[in-house]
Amino acid sequence: MLERLATGKPIQRIVIKVGTHVITNKDNRIVGTILSKLVEQIAYLYEHGILSVLVSSGSVIAGKEVMSRGLKTTDKITRRQVFSAIGQPRMMRHYYNLFQDHGMRCAQVLATKRDFDLGRHRDNMVNCYEGLLAEGVIPIANEDDAVSLSMSTFTDNDELASLVAELIKADMLILLTDTDGLYNGHPDDLESQLIPHLRVNDPVEQYIHKTNKGEAEGRGGMESKLRVAKQTAKLNIPTFIANGKQDHVITDIVYGKHVGTKVTL
Ligand SMILES: Nc1ncnc2c1ncn2[C@@H]1O[C@H](COP(=O)(O)OP(=O)(O)O)[C@@H](O)[C@H]1O
Ligand SMILES: N[C@@H](CCC(=O)OP(=O)(O)O)C(=O)O
């Protein structure tokens, strides 16, 4: 049965964020079958009256994959701009074809932090998302890395996903990563246990281990993921951190099965 909100209202809108590590293998290559499974679940939910917004990372790694001989420039900012500008249409080609296989349409919405400034910028974003959702089109969001000013980027796409969830008044935010959720120790440590549920004031930050990411492997980390999850939950939007490589993970969460770490008020 579909999970209902605390108010008893059925779930109608969700935001799903997919991290770089979810959609790549250990050789940093995009895995088509994973994208396909994610889209299949979004299509299933659509058939059952639930609209999704997908926030997908991956443009930088997708661009790097194409430019396998490397770039002439060593400047970090230029490299990110070039890789993402090349990789973003590749990501969209995957998604466009996959949604089309389900008879669905998707659209690209790239944003910079300024687009969420209160006032006409934010209103314009609301307009765009509401316009797409009203047409039954699945918005696929990402930071516009090619033109984002490096001093004012989102912390990462977890932050973008949270802002979108707030913007469209989502009933739920799902942050998909490459671990099953938040553990009370290092996720590779056999002693560590998954924390199934936490509340915004639970002091769990101590459990987070810093991870070193290579170029193009995404910007986030569990620290920012947890911060974003708590901030979003404070807005009364239940937020889940779960494993995007696990089969049926999105539909399991929406149907109230106990997967991942649920963060609530
Ligand atoms: N306590 C913890 N529980 C779960 N994962 C953790 C923890 N501490 C650090 N991590 C690390 O956080 C990583 C996921 O965050 P991140 O790299 O930002 O993913 P993404 O690219 O999906 O945004 C995992 O690969 C894991 O190694
Ligand atoms: N906007 C970048 C991803 C930035 C980011 O937050 O990455 P991740 O931590 O893997 O979600 C891209 O498309 O490659």
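Heads up, residue numbers simply count up from 1 along the chain you see.
From the backbone N, Cα and C atoms, a Cβ is placed for every residue, glycine too.
Unlike curated records, TrEMBL annotations are generated automatically.
Per-residue confidence over the domain 'Aspartate/glutamate/uridylate kinase' (12-243) averages 96 (mean pLDDT, predicted model). For 12-243, the entry in TrEMBL reads domain 'Aspartate/glutamate/uridylate kinase'.
Sequence annotations record features per position, and here TrEMBL assigns ATP binding site to K17, T177, D178. The Cβ of D178 (ATP binding site) lies under 8 Å from the Cβ of G19, H21, V22, N243, G244, K245, each on the same chain and at least six residues away in sequence. Annotation note: D178 (ATP binding site) sits in a coil segment as assigned by DSSP.
Annotated substrate binding site per TrEMBL: S57, D145, N157, in sequence order. Listed in sequence order, K17, G19, V55, S56, S57, N142, E143, G218, R219, G220 are the same-chain residues six or more apart from N157 (substrate binding site) with CB atoms under 8 A from its CB.
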If you count other Cβ atoms within 10 Å of each one's Cβ, which of the binding-site residues S57, T177 has the most?
S57
Please check the binding-site residues K17, S57, D145, T177, D178 against ligand 2 and give me the ones with CB under 6 A, sequence order.
S57, D145
Which binding-site residues from the set K17, D145, N157 come near ligand 1, judged by a Cβ under 6 Å from any of its atoms?
none
Given a 10 Å Cβ-Cβ cut-off, pick out the one of the binding-site residues K17, D145 that has the most other Cβ atoms nearby.
K17
Pairwise Cα distance maximum in Å, substrate-binding residues per record: S57, D145, N157:
11
